[in-house]
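Per TrEMBL, these features apply:
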| type | residues | note |
| --- | --- | --- |
| DOMAIN | A:20-246 | domain 'Cytochrome b/b6 N-terminal region profile' |
| REGION | A:535-557 | region 'Disordered' |
| TRANSMEM | A:53-72 | transmembrane segment |
| TRANSMEM | A:118-137 | transmembrane segment |
| TRANSMEM | A:149-169 | transmembrane segment |
| TRANSMEM | A:181-203 | transmembrane segment |
| TRANSMEM | A:215-239 | transmembrane segment |
| TRANSMEM | A:271-292 | transmembrane segment |
| TRANSMEM | A:344-365 | transmembrane segment |
| TRANSMEM | A:424-441 | transmembrane segment |
Amino acid sequence: MSASSTAEVPFVPKTKVGRITDFVDERVGGSGILREFGRKVFPDHWSFMFGEVALYSFVILLMSGTFLTFFFDPSMAETHYTGSYTPLTNVEMSVAYNSSLNISFDIRGGLFFRQVHHWAALLFVASLGVHMLRVFFTGAFRKPREMNWVVGGVLLILAMAEGFTGYSLPDDLLSGNGLRIIDGVIKSIPVIGTYISFFLFGGEFPGTAIIGRLYVLHILLVPAMILLMIVIHLFMVVVHKHTQYPGPGRNDGNVVGYPLGPVYAAKAGGFFFIVFGVVALMAAMFTINPIWNYGPYDPSPVSAGTQPDWYIGFVDGALRLMPGVVNDFHFEYIIFGHVLTLNVLLPALVPAGIIFTVLFMYPWIERWITKDNREHHVLDRPRNAPTRTAIGVAGFTWYCVMWAAAGSDLIATHFHVALNDVTYWLRTLFFIGPIIAFMVTKRVALALQRKDREIALHGRETGRIVRLPHGEFIEVHAPLDDYKHYKLVGFESPSPLPAEPNEHGVVTPKEKRRAALSKWFFEDRVAPATPAELEAAHGHGHHEAIESGEEHKSLSH
Amino acid sequence: MKALSQKRRHPLAAIALLLMGLLVTGGLYAVATTVNQAKADTTTFSASDAQEGGKLFAANCATCHGMGASGTKDGPSLVGVGAAAVDFQVGTGRMPMQMNGPQAQEKPRQFNDQQTQQLAAYVASLGAGPSIPDASLLDENGDAAKGGELFRVNCAMCHNAAAAGGALTRGKFAPALAGVSGQHIYEAMATGPQNMPVFNDANISPEGKRDIITFLKKIETNGSPGGNDLGGLGPVSEGLFVWVAGLGVIIAFTIWLTSRTS
């Protein structure tokens, strides 16, 4: 507000534009805000841009969605189609489906905007997911960013809710089948399920209310909540500052990068148009959700190959994997006249429940195990946190098994295998897939660390063999430059933290459990090369002496 | 009435009731099947067709279906399957079967039109069955919208609402229907090949079958108004596309945008 107050002579703008700008600035203090934000430094890395992609997709969704609301009518009243798609002429359908068809065929640019909206929705959730994976695998969720990680998780759930409500709006056969599955899941909740279903649908499925209700959620409540969460998320990014990858001159007390203005502002603005362009190209060239193929919703037909959009796929896959009976063991009971269908309830709620519970709690779990209460602004390279990386890959594998199961019928038809075999294999992988993934990932991460250590100590293998005067052959190793070297040695490698007594001098059982987990977390470790080792290695220029540097299951470093 | 109620606990009452039930069901079935086959075998084959067909059959089909098409443990009896079944199975190359499996696979056809007709004539001569449909039912000028409704109610659960095909249990599948001739679609409905149920004329009238063929041909020639249809497989191919192509292109751009620094 008092940006120019320190100057002796009051600033007098010379041009007309200058006078208007100064008028506004004196009243809202824009230049102060701009100076503060314009100097905000952001580090540069391609993997930091997925959150931006999600944000831009959301902006595209708001714009294309607004266009669609001009023409969409969320009514379930019955009508007969009279539009220009002849294979549906005079077919009885809901007004909602009718208006979706009209958007597709009779409104100029309607089909393009429908496709922009749908592709942007798929991209929104996909970029959100990749962004979360990046944050997890680089350890960016650690103090002080735990709460922002939770906000991100809430955004993921909201995005899925927003996507599903939108998917159901056209009231075509595909989305109606999807809604029927959700209705079945709700009804499988003991005691209250039926009441919730009747409340939601305004009576027995499908009723005449659900599309209108989903519409209000889709265009009002859920987007408002997403917007609120985005504001909180970005506010916290500004407060915390951005994380950075390890490198020379980068530490937990600084941010190395470029200021927001002018380069980043231009880059980010341009990137918005790139994302918009990619979405627009996809919408112009590739069909998404051809509702005219599916026909109007009618509870009796169920089409083969009915799937939800990809982000709900893992729940659908879990439902497909669940056996109805195992030998003679049934999963359906009648208790006091209430039907308890575990074969719907378990797969629909338990895997998703586990995934989101672990996801939300993980920063606290790791903080408890490591007792690491410091602030972290420098990221971990995934290989340098082998156990965390392995946990992440195991969870992702579990998710992918369920995800694949949602397309089990297409796997069967396109790879010419039996549907039953696909299901059996995926059921097996559901249990052993994450375990295999954990072990393999941890071994790969440790192997990469050993490779890094080897290169740090001996330099890069040049492939040039030299014969010494006394007859010995050696391969020439080229030393690394300091910048690359820093990356290979400048990381923390914590060792297991044994159980410690509390203030009363007692080692509690909880502390013992923590110590056991800490051992599991850190016992397999490859310590970074120490300055002494580096000195020794470079001094000799030979391979001897060094092999002992790698300590397996040792506490010495 | 009183006499009847007194005899209801008679030892033979259950048997009598069973007999009555069987008679009624059987009688109704007989009436129903004659209704369905009222239009069977309107196509005329010459006697020499059947004779030539018999020779072809003995040389190519009898190994599994038995001499006189009476069936063996490897193949069912073909008495009464009608000319339509032969025209479909042989005309699409499914028979003679390439190998045993969950169901006969389509392959390049082994017999030409004349030989197929001769085989059809031979099998039709063994017993009445559905005949090759009249050309008037295949003109694709029916009501596509009505055909679409019939298709969604009767066919979409296996063949997919967009006729893109779908998986069945244990390696069986319902094929995609693009590129299948109207005549073969009709014959498939009338005879129920492989794992497909029979949609006889009482179930879907010949006009209804004509509407379905009209619908299928219409959506086939209509193309995809929204651009490339990505195989017409719905959300799975859409999701795959956005992850691989959409996100892939965007990652390429992010790398380009950040490549000049760091």
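Just so it is clear, glycine is given a Cβ too, placed from its N, Cα and C backbone atoms.
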**OP:** Find the member of A:118-137, A:149-169, A:215-239, A:271-292, A:344-365 that has more C-beta pairs under 8 Å to the transmembrane segment (A:181-203) than any other listed stretch.
**Re:** A:344-365
Original post:
Is the transmembrane segment (A:215-239) close to the transmembrane segment (A:344-365), in the sense of at least 3 CB pairs under 8 angstroms with a sequence gap of 6 or more?
Top reply: no
Original post:
the transmembrane segment (A:149-169): which same-chain residues, six or more beyond its ends, come within Cβ distance under 8 Å?
Top reply: 72, 74, 96, 100, 117, 121, 124-125, 128-129, 131-132, 135, 140-141, 175-176, 178-179, 182, 210-211, 214-215, 217-218, 222-223, 225-226, 229-230, 232-233, 236, 289, 308-309, 311-312, 356, 359-360, 362-363
**OP:** Sort out the residues at least 6 away from either end of the transmembrane segment (A:215-239), same chain, that have Cβ-Cβ distances under 8 Å to it, and list them.
**Re:** 40, 55, 58, 62, 65, 69, 72, 74, 145, 147-148, 151-152, 154-155, 158-159, 161-162, 165-166, 169
